[in-house]
Amino acid sequence: MADQLTEEQIAEFKEAFSLFDKDGDGTITTKELGTVMRSLGQNPTEAELQDMINEVDADGDGTIDFPEFLTMMARKMKDTDSEEEIREAFRVFDKDGNGFISAAELRHVMTNLGEKLTDEEVDEMIREADIDGDGQVNYEEFVTMMTSK
């Protein structure tokens, strides 16, 4: 399944993996997974975190290594995000609930994830998703961005 990913996708997932892998040991533990989920405004229980890891933990060592992470991401991309998941993600970014994601809101969420972006990088991300050119991302643009592979 992971063999259907492009090199670009694999590079992106490598970056995402290192956001999760806080101590840089090459594996994601339930503790690290919990930290990232909470920074995204989620509040999973220990049991839910364990379930998430068990779903993809092919070698049964209780952690997720990069190949397992790739499998998980490939699987997630295949059953493309449900409407509800996309709406939920949009709400995480749209801090003030005005129906738009501004550069400041995007920067805030990315910083919470431990991803320090330059203003240029944030502006570039907004530009890529901002179809109508108003300088922010509305829900339709967000859906388009999330569902275009």
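Glycine residues also receive a Cβ, built from the backbone N, Cα and C atoms like all the rest.
Annotated N-acetylalanine per Swiss-Prot: A2, in sequence order.
The list of residues near the domain 'EF-hand 1' (8-43) in space but at least 6 beyond its ends in sequence, with Cβ under 8 angstroms from a Cβ of it, reads 49-50, 52-53, 61-66, 69-70, 73, 77, 92, 109, 112-115. According to Swiss-Prot, the domain 'EF-hand 1' annotation covers 8-43.
As annotated by Swiss-Prot, domain 'EF-hand 2' applies to 44-79, with the evidence given as sequence analysis. The list of residues near the domain 'EF-hand 2' (44-79) in space but at least 6 beyond its ends in sequence, with Cβ under 8 angstroms from a Cβ of it, reads 1-2, 4-5, 9-10, 13-14, 16-17, 20, 26-30, 33-34, 37, 149.
Residues or ranges marked as Ca(2+) 2 binding site in Swiss-Prot: D57, D59, D61, T63, E68. Taking a C-beta cut-off of under 8 angstroms and a sequence separation of 6 or more, T63 (Ca(2+) 2 binding site) has the following same-chain neighbours: T27, I28, T29, I53, D57.
Residues or ranges marked as domain 'EF-hand 3' by Swiss-Prot: 81-116. Restricting the average to the domain 'EF-hand 3' (81-116) gives a pLDDT of 86.
Per Swiss-Prot, Ca(2+) 3 binding site is recorded for D94, D96, N98, E105, and the stated evidence type is sequence analysis. Long-range Cβ proximity for D94 (Ca(2+) 3 binding site), meaning a same-chain Cβ under 8 A and a gap of 6 or more residues, is found for F100, I101, E105.
Annotation source Swiss-Prot lists N6,N6,N6-trimethyllysine at K116. Counting every protein chain shown, 9 other Cβ atoms lie within 10 Å of the Cβ of K116 (N6,N6,N6-trimethyllysine).
The domain 'EF-hand 4' feature in Swiss-Prot is assigned to 117-149; the stated evidence is sequence analysis. Within the domain 'EF-hand 4' (117-149), the DSSP-based counts of helix, strand and coil residues read 20 helix, 2 strand, 11 coil.
For the domain 'EF-hand 3' (81-116), the number of residues in each DSSP class (helix H, G, I; strand E, B; coil) is 21 helix, 2 strand, 13 coil. Across the structure, E68 (Ca(2+) 2 binding site) and K116 (N6,N6,N6-trimethyllysine) place their CA atoms 26 angstrom apart.
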